[in-house]
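What follows is one structure encoded as structure tokens, with my remarks underneath.
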């Protein structure tokens, strides 16, 4: 018999159909005895979404929302982040981190539509997602009730969840043979847990979904031209595309060439280290191309200041502060720097490697061959370097003189 929590009447659950949320849906019905609405955001999971509706109803959902948010995801979340060249700890392109604010945003919109007084998610008490979800919830409604089963129940391991699911007849796509969990959207797919908890063990090849093994990728390189306008990718090989279409196209191309695999031991927001394996084919290509166009269009000092902000911007996204005044402030500054980022980058894809081989801008190029050439020129007086170096070395020479007096 359900243990009724009289203060909670209706819950909107962020539901993926995976290990955690499949159990949570049933657990909420059993423990809270209230109406539970399952919400799944279509962020590009592909075939994973097909059984979601039936599975949710079979597990006890009173109502199910499956909303296509792919264009909004790429346009309003991924692209702003890529305008900042955000990368966490030098490797992670923040595919999971950037998805959570949008899921939470839509979840809160549904809660308002349905008159729900609570929301719930499947993030554990050890992870980053609990912070990302809940900071976003409170941005939209400071008084919302958040039900977090991982902080209440005694199912404290993946295997305990599997056993609970079997006991309750819940079909889940995880077995003892492949116990790792995954999270997929248009930007990436992530894997954690299981064999990946052995930091010395190489991830099994059958784990990867989006990318071919680099050694099995085509023996012939592929060249791709990506056009940018105000820092946003707008076309591939001359073909205009919507943000979601463009990223999907680059995902396919990159996946064929084994682009975008990352194996990272990262520092979580709560303080512990955790291993994550990621596939981000399209995002890897996009960031490389974006940086290339910046190289030819962005002023040196503007780039220096912007580059100094990348770690802070990435930390804010990783830690769940998307809807914060500090992230919005940085975004305003970054977007202003992107007004000149108009041009085309040419990248070469070959067996897991993505590198720039050309960049051009018809309207905003700062590259002037007359000044940059190593051949004879008429515009740069090399003797001017003497004064430049003397002025810039003044503090160093003074320091050396003063130390010599000691």
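Any Cβ shown, glycine's included, is placed from N, Cα and C.
Note that the coordinates shown come from a computational prediction; the quantities given were computed from them, not determined experimentally.
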Looking at Swiss-Prot, which one out of 115, 122, 125 binds ATP in the same site as 14, 15, 16, 17, 18, 19, 20, 21, 22, 41?
122
Quick one: which of 252, 278 does Swiss-Prot put in the L-citrulline site with 92, 97, 128, 132, 181, 190, 266?
278
In Å, rounded, how far does the Cα of residue 16 (ATP binding site) sit from the Cα of residue 124 (L-aspartate binding site)?
14
So around the L-aspartate site, 124, 128, 129 aside, which residues have their CB within 8 A of the centroid of those CB atoms?
123, 126, 127, 130, 131, 132, 268
